[in-house]
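Undergrad: Dropping a structure here in structure tokens format, bear with me for questions.
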Amino acid sequence: MRRQIAEGTRALSSRAPLRERKGVFTAALAFSLPPLLGFALKRAMPARKSDRSQTVAASCSRSALKLAARTSGQLGSRAAKFVKPELPPPPTASESKPSPAAQPLSLQAQATSDDQVPDWLHGQLNEEQLAVVTASPEAPILVFAGPGSGKTRVLTYRIAYLIAAHGVAPRQVLAVTFTNKAANEMKSRVLMLLQQQQLGLGGDDASEQQLASLRIGTFHSTCAHVLRLYGHQMGLPSDFVIYDTSDSEKLIALIMEQEFHLESTVMKPSAVRITVSKLKTDAPNPFSSLEDPAIEDYERRVRAIMEAYQLRMREANALDFDDLLLECVNLLEQCPSVRVALQRKWRYILVDESQDSNRFQYDFVRLASTDVRSGALVSPVFMVGDADQSIYGWRGADLHQFVRIRDELPDCQVFFLELNYRSTEPIVRLAQHIIEQDAKRLAPEKQMKTHWSQGQLPAVVHCPDSRAEGMFAVTMAQYLVEEYGISWDDMAVMYRANSRSRGIEEECVRAGIPYRILGGMRFYERLEIKDTLAYLRLLGNVDDVVNFERVINTPPRGLGDVSVNRLLEWAHQLHLSPMRALELLAHLASDSAIATEAGLAAEQLPPSAPVAQLLQRGEVCLADSALNNRQLTAYLQFYGQYCGWRALLQRKRQAPGGEAVATLTHVVSQMLDDVGYREHLKTVSQSTGNAALRSAHDVHRERLENIQALLQAITKFEDTVGGDAQTLQEVLQLYLEEVALVSRSEEEYLSQQPDGEGWQGRLSLMTLHASKGLEFAVVCIAGAEDGTLPHFRCLDEPDRMDEERRLLYVGVTRAKSFLFITWDGLPLSTGDDKEDRALFEMQRFRGGRPLRPLSAFLMSVPTELLQRRQAKQWMREIARSHDWARRSPKLDGMLSAFLRRVDAAEATSSSRSPYKASGGRGNAPPYFQRASEYRGNWGGKYGKRSSSYLKSSSSSSSSAGPRPSSMSVGRVVHHEQYGKGVIVSRPRKTGLVSVVFFGDDVGKKLVPQGELS
């Protein structure tokens, strides 16, 4: 107390600014008031204090604490509003941890005074970040981290703070992220921070070996790790393999064909896989995309396929991504000993991007952190996320899981990171306005601020058609390169759906703009990589059916679909995997000339248990396979090669002296040579090359480079795997798990390339979902019209509309300096939501250029937050700003081409309308006349925007012009049952008319002409 008063007195006598001196003195006095008042009351009151005196003392203490929270410069966090007045009870002696501070939680959550903060943290974090990093290690913490607020930095420093300031061993920390790339970056940052600051790791110097025990990974990799350690307690073998999305879809297609005789044209395997995933994870509305009459039959089929799928997965000793989470949660629920073991192993749990977690991911964290009997918190949880950036509800993420920790743990501390270091003030203000329109925000009190006070006002730009929109994006990018020197790899074009990228790609090719597609053809989805990994997965799991089908005739071995299906059917009848069936064939034919021709005897492995049982019972013979000698020879040759590769994998990685004697890279390279795969790629490239774009030679060279990149990635993995694997077979299992769990984004591909070779200096094209976590100096969001953003499937679902709004918010907050938002629809609105929806439906059924208005998310944005421009006018201004013909002939040509394109689009736009007559738009239906009127509300030659039109009623404008003739396309009609609608096709001979209705039942229907008025 004396020290605090002395510090306050010294502050008043210092040379600091008066306001700062007063703040320090007042804060010191405020912290001194509770004990001072308590002491004074003690002296003034008798020995037996009345209840009233206790109340007065408590009230004085609370008032002093409130004064401290208001006045202390270090207590600016919003956490004070949520935190509780006491810490949870300390852990038991048997589970000793660093003891928590004794001060009340409301101060503990925010105490960042110099005597509490380690020296190495000074100047590294802002006040908000510092309060989060130095919060009590023993309290559950929830952090709402806005975009660009440095949440990765906070997580990194939090881990380092636990290790350095509280003596936590790295092996006691579990950090969960959503991509392997983020996990690797965080681990390297923690190591670098500890080494730079020369901080201790459990008493020793920081070292890679010690930090290797720090567990940082994705939910799926963490669950896979737990299942390999403890899964045997549920009967799960530790050598299970992981099926990725492609493997799962292939297995489902195989089941549909073999067991249900369904073709992929009837039911798409990809759609079935998505529905199966929703059913397994209890996602809401798994059949929501189907029409009502089809749901019952489709659901019955899908559930039957799912049952067969799970059975095949067990037979193949495989788990998919959903199974990793489900089985791990089941393990923790059914085996309390495993739960206790994990709690002793991981004393502190940190979770990144928590807003994207689903129920099972949250349950894993809950089970791993709470006591088996009492449910009390054992391992403190530190969760970071942003509810405003939750955009993965369509794949099972549940936004409300993010705040369960706040609701279930009463002593949870809540913090806000609101200072944006990425974007300029105009961009931040626009983003804040967009997200504030979400009435269901989980943290409406979160207000973004920015570190950068100035900047260019974001622009929404209207383009006459989709090609002009693509041309505007690439031309503006070229202009920014020329005028501001911005590099290509610091610019991005984003869109709601992948289909939007085609026009932009074409314009990049025409203009010679280097570009890359993030989330497009990913590295691990390329043909040559999938083929190679299929061989490796089959080597790792002899019971793998899916990858056997992929490799058995790749390269071609003279085995047609008929012979392969015969083998698969025979194996299925014997309850064997295809490779086990080949093993059986090899033993049955071991004394025949076929085996000699195949060169099999010297390489054959001893029979496995399933095959040995069949041989012992003598229940099979070679004739049962229904294969001819040529086919048997081809199969047995492949089996002989397979046995040779498996034998190589059993070798030790190192000799007794420690020198390396075998590598997985060597085995993979030899395998590719044995099957002639590199020569096979030349043939494949000749059939896929396109003379207009790339020659077959270029395609072949690119495929070989990808193979080499994969071999380099395997070598790099072998160097980092350490002593976790003794044989090459163990290395292979670890590598296949790494590949299956790795984030399959283009950024992961870049991380596999030496120094990102071949990808530097390119314009990035990506979906808004793929942009999560990235940032660019320049961002252009294309296709910002109703029906696209928000997507038309979300228009009638409030929760999905909220997610669409958050998706736009994510895209806007990717921009650092320049933000352009484009749309190519006519500025069309009727002022009636249902009628607007019907117009969209009409255009969708009629074909042609859709007449969509600007996104509803942007219509209400004030003009001081968003400038509205016409693309033609803007490009003309740029063209006149310099002598581009001399300064940059390339940009000059692009500007000229754009202006010519816009002129042509404007000249032909009216001729494409089915409503054009001699009077221009005079014969158009009323809503098209209102659209023409609405065009006068946008910049350039269309004048200044006003809001008066939006308030006009349908009835007041319906008399603006004559209606079309009876039953003509475009006429507004009325039906007694369905209400008002628009005719979209002429009457048929049957007397039926196609009408899009926009009452309560929006959609296209065939109705008798006589029922319309």
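Any Cβ shown, glycine's included, is placed from N, Cα and C.
Sharing the feature lines straight out of TrEMBL:
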- Ala145, Gly146, Pro147, Gly148, Ser149, Gly150, Lys151, Thr152: ATP binding site (BINDING)
- 98-111: compositional bias 'Low complexity' (COMPBIAS)
- 949-968: compositional bias 'Low complexity' (COMPBIAS)
- 124-424: domain 'UvrD-like helicase ATP-binding' (DOMAIN)
- 425-773: domain 'UvrD-like helicase C-terminal' (DOMAIN)
- 84-113: region 'Disordered' (REGION)
- 909-929: region 'Disordered' (REGION)
- 949-970: region 'Disordered' (REGION)
Undergrad: Can you see whether DSSP assigns Gly148 (ATP binding site) to helix, strand or coil?
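TA: The residue in question, Gly148 (ATP binding site), is coil (DSSP, three-state).
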Undergrad: Which whole number is the mean pLDDT over the domain 'UvrD-like helicase ATP-binding' (124-424)?
TA: 86
Undergrad: Using Cβ atoms only, which residues of the same chain lie under 8 Å from Thr152 (ATP binding site) while being at least 6 residues apart in sequence?
TA: Ala182, Glu185, Met186, Arg189, Asp352
Undergrad: Report the residues of the chain - excluding Ala145, Gly146, Pro147, Gly148, Ser149, Gly150, Lys151, Thr152 - with C-beta within 8 Å of the mean position of the site's C-beta atoms, for the recorded ATP site, in sequence order.
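TA: Close Cβ neighbours, site residues excluded: Val154, Asp386, Leu417, Asn420, Tyr421.
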Undergrad: Among all chains shown, work out which of the binding-site residues Gly146, Pro147, Gly148, Gly150 has the most CB atoms within 10 A of its CB.
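TA: The largest 10 Å Cβ neighbour count belongs to Gly146.
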Undergrad: Give me the non-local Cβ neighbours of Lys151 (ATP binding site): same chain, 6+ apart in sequence, Cβ-Cβ under 8 Å, ordered along the sequence.
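TA: Result: Val143, Ala145, Asp352, Val384, Asp386, Leu417.
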